[in-house]
Amino acid sequence: MRTTTTTTTTTAAPRIECTTNEFACLNASRGNKCIPFESICDRILDCPDSSDELHCRCADYLLRDETHRHKLCDGVIDCADLSDETINCGPRCREGMFVCHGLSNQCIERYQVCDGNNDCLNGDDEQNCIALVDDQEQTKDMISHSFMENHNPKGVLHIQHQGVWAPLCFDSYDLDTDNWIDHHYDNESIEANATSISISSMIQIDDMGQAVCKANYYVQLEKIDILTIQRNSSFNNLTQFFAINSRLPSTSKPTLSIWSSLFEKVSCPGRKVARIECSTIECGVRPMSSKLQRRIIGGKSSSFGSWPWQVALYREGEFQCGAVVIDSQWLLTAAHCFYSTPGAFWTARSGVLRRGSLQRTLYEEIRRIDRVIIHPDYVDRGFLNDIALLHLDKPLQYSKYIRPICLPDEEDSHIDRWNNQLCTTVGWGKLYEHGRIFPDTLQEVTLPIISTEECRKRTLFLPLYRITDNMFCAGFEHGGRDACLGDSGGPIMCQKANGKWILLGITSNGDGCGRAGRPGVYTKVYNYLTWIHSIMAKDYRINHEFESNPKMAMLVTGKQVDEPHRPFNNMVVHDKACESGHRCPLGKCLKRHQICDHIIDCLEDSSDERYCTHN
């Protein structure tokens with residue numbers, strides 16, 4: 001009895017009463033402590049149990065940072081938890097609401113999403129009402145704001161109806177008659193995901209599958225199967241399903257607004273669902289468009305999702321260049337971005353508008369670059385053959401914010417065809433030639449294309465220009481608009497008559513930025529298509545082909561290839577050893593003393609303090 005009393009006395013911490021201006025640390029067993037309210041959510045762990053940083057939202061960190069405070073309640077989603085647009089943003093936007101994308105600063109109730117009416121000013125709430133779900137993790141994420149943006153190529157068909165996601169039930173589908181609805185509406189259609197789906201087409205199972213693939217921007221249906229959910233399936237615990245409402249009035253005219261009455265909740269006792277596989281993503285499609293705002297050199301700020309193939313490249317955690325998505329696992333960029341950088345750790349950040357975001361944004365994806373393939377004839381002096389392919393360690397998840405651009409075809413091979421036509425280049429490069437003012441938001445500018453021959457004539461007596469057949473130029477004679485330092489590797493792209501965007505060139509070099517009579521120089525992508533396709537067609541493996549051939553490889557040891565006057569052809573990028581063993585998501589290597597030091601250094605995910613003894 002005496003022992004019990006003694007034990008209780010020694011382990012109990014004296015209770016400290018905190019003032020109204022103080023925060024009480026939560027874990028009393030580690031000793032009560034009061035800290036000033038100003039110390040909450042400041043990325044410094046002041047409490048012994050780290051409770052002062054435990055429940056912080058992204059918006060809390062933005063509020064404390066003067067350089068990022070303007071991002072609160074501005075209509076652009078900078079936080080994965082949506083807190084920057086739903087916390088303290090007035091009655092229009094509250095936690096749990098659907099945030100309309102763009103600069104409209106508008107939110108709507110969840111039940112208004114996919115109800116058949118454009119409640120967002122830009123119609124964003126009716127853009128993504130169909131999804132293909134392929135695993136349990138995605139099923140758990142069905143209610144999240146980001147899930148409905150994903151364009152998976154295969155999976156079980158799910159419908160979003162009035163803010164709720166659920167599989168479409170096929171219990172009433174008759175496989176023998178290929179019919180599952182009583183009402184036939186010839187030549188009438190409803191809109192879903194900006195794609196028309198006719199009611200009559202939905203009766204035919206293959207036509208329905210094709211319409212779903214088109215709705216998610218895939219070229220064609222590969223196959224569609226009707227399956228019964230098994231007890232051991234990841235979908236087995238689902239309790240809610242939708243079915244096409246067979247009680248639609250025969251006089252109804254199927255338009256977009258009929259989406260609100262097209263589906264009904266069912267129990268789906270037979271647990272029959274459709275699994276759809278689509279093939280070939282449509283390239284060069286811009287689901288979102290830009291809004292005009294002045295500013296690259298003389299350009300304007302882009303809006304979220306305007307250029308879904310634009311990628312930011314980071315070396316050791318610092319932004320370096322741009323790149324462009326041409327495949328789910330391949331990027332195209334400028335060779336000079338990677339010249340003389342052996343052993344560097346590179347990451348690619350896609351689906352992002354503001355590269356200075358403190359945390360991962362809702363729709364972005366970060367991938368490690370595991371292979372760099374520089375054109376074998378690249379020469380740094382003169383930027384000859386300034387083009388490189390980058391291989392990602394994992395495929396990108398396509399969405400309306402991450403998509404591939406189209407490569408040029410034979411029709412686009414002659415730059416003369418584009419001469420004087422306005423095309424667009426984008427990037428996070430300098431806003432002015434002099435100084436170090438880099439934008440946080442992606443910039444875009446339209447420039448007239450200058451053919452190879454015309455550019456040679458204009459730059460004949462300019463010693464810094466050496467225009468080859470693999471280059472062309474762009475810019476106004478009087479200057480004022482241009483790409484600049486930091487835009488390298490990004491695209492210059494043109495829109496074809498069919499509405500799709502093609503990658504005409506890669507931003508390479510120039511004399512200054514926006515100077516009169518000094519156009520920007522771009523690598524002509526069409527001339528390298530054979531090389532690009534040959535590289536992508538091979539199934540490269542790390543530590544395989546390149547490492548077995550020392551003349552083709554430069555490893556992270558920094559050893560130069562046998563030809564010192566020729567830049568290396570290929571580089572296998574290993575997970576470079578980091579002193580502390582810890583890298584932040586964008587690749588920054590922390591020093592040992594920065595790990596578990598009660599200061600959050602990895603702003604993206606706080607991972608440097610996550611598994612420490614104080615947590």
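Keep in mind that glycine also has a Cβ here, set from the backbone N, Cα and C atoms.
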Practice problem: Consult TrEMBL and report which candidate among C25, C56, C58 shares a disulfide bond with C41. | Solution: C56
Exercise. With C129 as one half of a disulfide in TrEMBL, pick the other half from C107, C114.
Key: C114
Practice problem: Give the distance between the Cα atoms of C129 (disulfide bond) and C56 (disulfide bond), rounded to the nearest whole Å. | Solution: 31
Exercise. Write down the Cα-Cα distance for C114 (disulfide bond) and C41 (disulfide bond), rounded and given in Å.
Key: 36
Practice problem: Work through the disulfide-bonded residues one by one (C41, C114) and point out the residue whose CB has the fewest other CB atoms within 10 angstroms. | Solution: C41
Practice problem: Drop a 10 Å sphere on every Cβ of the disulfide-bonded residues C56, C129 and tell me which sphere holds the fewest other Cβ atoms. | Solution: C56
Quiz item: Could you give the Cα-Cα distance between C114 (disulfide bond) and C56 (disulfide bond), in whole Å?
Solution: 31
